[in-house]
């Protein structure tokens, strides 16, 4: 009693305005211990040890040392905690129920208590007289919790596994020998996310009728904040609800609506519940023991519904773990599933708790003596009850060390690692990592048959810019392909030039060429890779012509006269293709050839002389076909591109001026022989041909070949004259 008076002094204990004390009571927590005389085993009807489920200290004046304990067999025992002799400690016991008693509560200020059991009833007991004062009947399942208001002696509340909360009043008359509920909250903690809408409830009488059963939404704990306010928690919805008892919840058919709700503040995705609720002495702070191993502290007076503090370090895996506050509201104690009890300082929730060790099974119900800070009671599934006392530091006897069955320990602070980026090898990545390029893994690179020029295939994002090692054969083939592709002139330019060239060289009487255009002809030549790319468009045209065709210049003015051209005056071009040549045989010079052949029979001597003269002239070498050549050098010197160092005359296919001196002499002689002739001596065909002569000299390329008709000259009247006449001329 001296210690209690010291704690109540303002300078040492709780201050008048509230929380902290000048005296460091935190250091006293390590002095709690349990002697073997304070350890009590809970027995059943047959003397078999059974686990105790609930314990609570009396609130009657000068009777605060009385401890009531209920066990699984329905027995209630009263312990005098002032006596440390085991024989005198338990002074009274009786069998309150034929089933397990899950909770019990003292009537405020009196030696009376109410027990809530698994037989679906609550019983009202007079402890001093040892009499049953009444039975409360109305639940359809086990009762899990019972609570009294702070200043009410006749009204109490119970919550059961049927999901209902019932309010009882012992002042009401009994019917059939049982007390009936005066108020009821049905389905207090039903989940709101139902797949189908609930059926409308029928209006029920608030007294004596059986309520609906909802065992899946069990009410685990009820607690009074004041005379008109009730706080409750469920097993699976994770919501703490505050109810106003002045409202009649049975008068409506819809679901009951709480005046205030505290949603589950944790991070678990599983539906969790609360096993215990504790209010401080002022009723403004609520401590909720959740099955996610946390105790949440809520402010009941404000509008904020999130917790103001969280206590952790213990384990809570069942709904039998309870909590309690010290008489000065400075410390919070809770049972735990790891065979220990934990004590936290309320003002320092981050501080490691003090651990009470000594039990061998889960610690369920705990209670701090409301009038004595130095006394704590704990129940465990090891079938024992331990009363913890503060070591006063008196002289210890030699046998006291061996009689200690409970001791304290300071829990070490767990250092939580800061959030650090975990390497990808230790964590599952969000996406598959990109494979690193290596000589052995070359799947992103192109195959050997794929064109290797830039722009054919885009590089994948995971493919490095450097080339992957390949075999020498593959390297050589790729180099040759690159060389051949780079040496070819641009396709659009060559196709355009060839189409323009075909259009220019075509005449109204000529037919389109049989061979496909150069843009569609895809015949590769070995010489392609060896010919350098021309810088001018004319050079590209010449190279394109040399690859695709070997052309001949059909010149009509070979031996007759420099001014004489083709009979049709078209400067046509034929190919070295048999089919094309046969098709073009009658295009332009058919009439002229027939005339020459007809005249050839009249003058065989002169024509033979002319033919001999024509054949004696050295003809320029014909261009070498790129298909027949196997060399790797450039084209022969006589084959020069068109337009290089010369001027284009007449047609687009004209060649630069490169006259042969023998042909020049022959042409000069022909001019001298034909100059004295009179206009009357000329035939109409000759006059027609002379009128169609070109104004300038016609250039002959060394690489072009003469037409067959140019080897024969048309005979005139002068050719049939006598030799004397020709000598005179």
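Here the Cβ of each residue, glycine as well, is placed from N, Cα and C on the backbone.
For the residues 450, 701, the entry in Swiss-Prot flags phosphothreonine at a single position: 701. Cross-referencing 511, 655 with Swiss-Prot, the residue annotated as phosphoserine turns out to be 511. For the annotation phosphothreonine, the record in Swiss-Prot points to 515 among the listed residues 471, 515. Of the candidate ranges 96-135, 138-178, 313-354, 358-398, 138-178 has the most C-beta pairs within less than 8 angstroms of the repeat 'WD 4' (214-253). For residue 409 (phosphoserine), the same-chain residues 6+ apart in sequence whose C-beta sits under 8 angstroms from its C-beta are 354, 355, 357.
The repeat 'WD 1' (47-89) makes no contact with the repeat 'WD 5' (269-308): fewer than 3 of their CB pairs lie within 8 A, with pairs spaced 6 or more apart in sequence. If you look at the repeat 'WD 7' (358-398), the same-chain residues 6 or more away from its ends with a CB under 8 A from one of its CBs are 3-4, 7, 25, 28, 31-35, 38-42, 49-57, 59, 64-65, 67, 69, 79, 81, 317-318, 320-328, 331, 333-341, 405-407.
The DSSP breakdown of the repeat 'WD 1' (47-89), given as helix, strand and coil counts, is 4 helix, 19 strand, 20 coil. Applying DSSP to the repeat 'WD 4' (214-253) sorts its residues as follows: 3 helix, 17 strand, 20 coil.
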